[in-house]
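Novice: Structure provided below as structure tokens; questions to follow.
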Amino acid sequence: MGEHPSPGPAVAACAEAERIEELEPEAEEQLPAAPEDFDPGNTGYISTGKFRSLLESHSSKLDPHKREVLLALADSHADGQICYHDFISLMSNKRSNSFRQAILQGNRRLSSKALLEEKGLSLSQRLIRHVAYETLPREIDRKWYYDSYTCCPPPWFMITVTLLEVAFFLYNGVSLGQFVLQVTHPRYLKNSLVYHPQLRAQAWRYLTYIFMHAGIEHLGLNVVLQLLVGVPLEMVHGATRIGLVYVAGVVAGSLAVSVADMTAPVVGSSGGVYALVSAHLANIVMNWSGMKCQFKLLRMAVALICMSMEFGRAVWLRFHPSAYPPCPHPSFMAHLGGVAVGITLGVVVLRNYEQRLQDQSLWWIFVAMYTVFVLFAVFWNIFAYTLLDLKLPPPP
């Protein structure tokens, strides 16, 4: 799936406009100064006339698509001069806001043929195109993704997490002799991965509870959602961004339970799954006109129905008479913590496919909000249980 034939000229030309990656700071400092012949005053700018003559004299050495982008850059500057670093940006494959804006302004020189209209694509190419239309709202980003995606590395994070969850579930099913509603088994909470309010000082439980599920019905819905939504998102945004949203949702879920449902344990990966799905759905709603995925209303409805079914099951189980009184069944608050992460941090991550996260002020605002919540929850877990004189269920 990683290797596919050269795309059509429409795809390649528009995608080349976006084939710009961020240089490391050290590389940026080593950019050469503008040649004295073109910038005698060392102002950092080249006149568009000299720039065009430079292109013409070296046109035979340039890739045709890159030459078209450079001409688009020249046409986009009405003031008659071009920043030399913009020129170096393209030649060095650097992504910068100013250069990207110049390319978008000069995009009239490039073919506007939609990626969806490209013919003769192989099965793997059609899959990549489908993922682009499912996750990205802008045509220019879809073309850039289509031309640059190599499936290296593959979407390993979501696949690995899913396999681990299934493996732990099967192991517990065999050891308990129960696969449906495992959570009702008297030995279920004795597992060292489950979050339990009496054992909240064991910090790993705030994360490892995702490997324990209430039963096969719980695991099934979570696995379906995180594979159908998480894998395509990881193919586009990468393991780092998607892993960040997923883990943030997982931690927020267990902390939300420790604050809002203090006597209940927590199991399942719903916090991370709901963070990804809610971020994806929010991104579709915010970019409704740009999203060209087929049957988007139906897809949203199916996702919401699956989430509602899983959430309804969790609410029912929480208030169902416990199989091991006085400890209640697992809480459903982790779902809500995941949703909160998805519509804040998740939306920012998915919306900024073309820029670094640290360049976005909104990203820092949501990071600050998340950090404040985590710190508040930590202090709450240290002091609130004692101050409230809360009677907790006995350790498992």
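A Cβ is built for glycine as well, from the same backbone N, Cα and C atoms used for every other residue.
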Novice: Looking at 146-165, 166-185, 266-285, which one does TrEMBL call transmembrane segment?
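Specialist: Residues 266-285 are the ones TrEMBL records as transmembrane segment.
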Novice: Report, as numbers and ranges, which residues of the same chain sit near the transmembrane segment (266-285): CB under 8 Å and 6 or more residues beyond its ends.
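Specialist: Residues packing against the transmembrane segment (266-285) from afar: 135, 137, 161, 165, 183, 194-195, 209-214, 218-219, 222, 225-226, 229-230, 233, 242, 245-254, 257, 291, 293, 296, 300, 303-304, 307, 310-311, 314, 330-331, 333-335, 337-339, 341-343, 345-347, 349-351.
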Novice: Which of 242-260, 331-350, 362-388 has the most Cβ pairs closer than 8 Å to the transmembrane segment (297-319)?
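Specialist: By the under-8 Å Cβ criterion, the transmembrane segment (297-319) pairs most with 331-350.
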Novice: Give me the Cα-Cα distance between SER270 (active site, nucleophile) and HIS335 (active site), rounded to a whole Å.
Specialist: 6
Novice: Whose Cβ, among the active-site residues SER270, HIS335, has more other Cβ atoms within 10 Å than any of the rest?
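Specialist: Neighbour-count leader: SER270.
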Novice: What average pLDDT does the predicted model assign to the domain 'Peptidase S54 rhomboid' (201-351)?
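Specialist: A mean pLDDT of 91 is what the predicted model shows over the domain 'Peptidase S54 rhomboid' (201-351).
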Novice: Against which stretches of its own chain does the transmembrane segment (242-260) lie, if we need a Cβ under 8 Å and a gap of at least six residues from its ends?
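Specialist: That would be 157-158, 161, 195, 197, 200, 205-207, 209-210, 226, 230, 233-234, 266, 269-276, 279, 331, 333-338, 340-342, 345-346, 349, 370, 373-374, 376-377, 380-381, 384.
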